Structure formats: structure tokens, C-alpha cells
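Marked as DNA-binding region by Swiss-Prot: 5-73. Feature annotation from Swiss-Prot assigns compositional bias 'Low complexity' to 145-169. Residues annotated as N6-acetyllysine in Swiss-Prot, with similarity to another entry given as evidence: LYS81. Marked as region 'Sufficient for interaction with KPNB1' by Swiss-Prot: 4-81. If you look up Swiss-Prot, you'll see 6-22, 75-81 marked as region 'Required for nuclear localization', on the strength of similarity to another entry. Marked as region 'Sufficient for interaction with EP300' by Swiss-Prot: 52-84. Residues annotated as region 'Necessary for interaction with ZNF208 isoform KRAB-O' in Swiss-Prot: 92-144. What Swiss-Prot lists as region 'Disordered' is 144-169.
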Amino acid sequence: MEGHVKRPMNAFMVWSRGERRKLAQQNPSMQNSEISKHLGYQWKSLTEAEKRPFFQEAQRLKTLHREKYPNYKYQPHRRVKVPQRSYTLQREVASTKLYNLLQWDNNLHTIIYGQDWARAAHQSSKNQKSIYLQPVDIPTGYPLQQKQQHQQQQHVHLQQQQQQQHQFH
């Protein structure tokens, strides 16, 4: 971006610039996000005395920046809003997301069946609320047919609870 003036580095950025390079060389397969996490932990573990030279350097850079760009004002770029999708497409996407969320996992969560997927997913996206699944206690080694039957009973129980809640509102 031409004409863009970067902000001066803060103390952490001054310190992490060299540390990031070292960490990346020592761990070539480490992802940048992991390196950032490690740097954050390391920075927090430093004492004030260990951090002081980096704060001083950051202050020096800030002063130089102010002299070089006297009219500089930090103006973060705002994200451009993406236009809303059509209702039908929102339902399809929400339904697919919900279906993926509701697949069996190691915690054995209850599953909403059939047409309730699309309705629940659409309601979730419409109300901007998350759908919370309740864990189900099923003993290890439980036969698959009984697991499914147990799930259906849990689903019926969940529906009854929801109907009772709607009656009170």
C-alpha cells in the first residue's frame, strides 16, 4: 500500500523481532501462530528489568516516528461489510454447519434429527445464538442400536423441555 505509514513498534515488537527469528531457526517446522504463542509466554515471564531496554528502544522509535511523521494519526482500516446472503442460502449454510456440528464425537452429544436441523440452524443464525448440545451419559460398550434409541429418547425429552419453555414465554 503506497503512502501507508506503519505504526512505531512497541516494546514487545522490538523484543520479539529477534526472538522470533531465533525460535524459527531452532524450530523450522513450527507454525508462525505457535511461535507467537511461545513468544507471548516468554515475554510475560520476563522481569521488568529485563523488559526495560525494549521499552526504552520503543520510546526512542516512537520519538523518531513523531519527528518523521508529525501529522501521523493511527487510523485502523475498518473491514468492509459483506452483503447479506439470501434467506435460502443462509438456511442451506446454517443447516450444513449444524449437521457438521452434530456428528458423533467422543463426548456423545445429543443429536437433533430430521427437519429440525434446518429450523434450528436457521433460528440460530437468525438470533445470533449458539446451539448448545447436552452431553449424554452412555456406558462404554453400549450397543449401537441402544445408543440410537437412547439418543431418540433424549431428543424427545429435549423437545418437551423446549415446548414447556415456549409455553411460559
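Placement of Cβ uses the backbone N, Cα and C atoms for every residue, glycine included.
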* In the same chain, who gets a Cβ under 8 Å from the region 'Required for nuclear localization' (6-22) while lying at least 6 residues past its ends? -> 35-36, 39, 42-43, 46, 51, 54-55, 57-58, 61-62, 64-65, 74
* Inside 10 Å of the Cβ of LYS81 (N6-acetyllysine), count up the other Cβ atoms and send me the figure. => 6
* Asked: How do the residues of the DNA-binding region (5-73) split into helix, strand and coil according to DSSP?
  -> 51 helix, 0 strand, 18 coil
* **Average model confidence [pLDDT] within the region 'Sufficient for interaction with EP300' (52-84)** => 89
